[in-house]
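Asks: For reference, the structure I am asking about is given below.
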């Protein structure tokens, strides 16, 4: 059993298309040998539970372990934004891809995954301290700063035209113009023949404190909305796998204890008794 299950587990880790098929193969070959008592906590069942748990954990992980390096990248598109603006990176990956990933190259060559889309589900990596969003064709970065600049990539897997598609974007963030303030001393004549001097501040800028406060509130709303959406997606993904593992474990326990077989035998015995009663 352990040999077949190990082969199936290795096949699962190498195969990124169909995990359900591998799970069925493992369950088909993982049977209790003859002469071994069917017990919930014997060595065979303990090893079986361990392999199934490993399989579930591997299945919950998407194909994010595929290495992406900056070597051999296509010609990257250049995107320039001023600090404080929003940036949109439009990728050419078609909707025919089963999986789409967005990320950024750190330190020039190390890929860091930010977002993964698989079907109707989205998985977002937290901790980047950047308000962003992603879709199948567009990656959004809100209120960019100088630290937001760099090389971003989009990768599609299992596409109809080719197995893997890759595109990259060089985001350049230009700092804002330096705001200057000029103070002019102007005399003011009062009607009671007294002379006083007042300061008149002439600000050579169009930005006001109210406008800056509105931008800050908008940024906070975007970050809070993105964070709540990411938490909801993570809770749904891991909650679904938790429910599936509990149901699967319950079915395995019932089968191992022989409850379905016992219920079937009792029902057949009851039917046979009724048939014999009718014949008599």
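Backbone N, Cα and C define each Cβ position, glycine as well.
Marked as N-linked glycosylation site by Swiss-Prot: 75, 98, 107, 143, 158, 170, 192, 207, 224, 230. According to Swiss-Prot, the feature transmembrane segment maps to 235-255, an assignment based on sequence analysis.
Help me picture these features in the structure, burial and contacts included.
Replies: Within 10 Å of the C-beta of residue 75 (N-linked glycosylation site) there are 8 other C-beta atoms, taking all protein chains into account. Following the DSSP three-state reduction, the secondary structure of residue 75 (N-linked glycosylation site) is coil.
A sphere of 10 angstroms centred on the C-beta of residue 98 (N-linked glycosylation site) encloses 15 other C-beta atoms. DSSP assigns residue 98 (N-linked glycosylation site) to coil in the three-state reduction, outside any helix or strand.
Long-range Cβ contacts of residue 107 (N-linked glycosylation site) within its own chain (separation 6+, distance under 8 Å) are none. A coil conformation is recorded for residue 107 (N-linked glycosylation site) in the three-state DSSP classification, outside any helix or strand.
Mapped onto three states, the DSSP output places residue 143 (N-linked glycosylation site) in coil.
DSSP classifies residue 158 (N-linked glycosylation site) as coil under the three-state reduction.
According to its DSSP assignment, residue 170 (N-linked glycosylation site) is in a strand.
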Asks: Closest of the glycosylation sites to residue 143 (N-linked glycosylation site), Cα to Cα, picking from 75, 98, 158, 170?
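Replies: Smallest Cα separation from residue 143 (N-linked glycosylation site) among 75, 98, 158, 170: 170.
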Asks: Looking at the glycosylation sites 75, 98, 158, whose Cα is closest in space to that of residue 170 (N-linked glycosylation site)?
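Replies: Given the candidates 75, 98, 158, the nearest one is 75.
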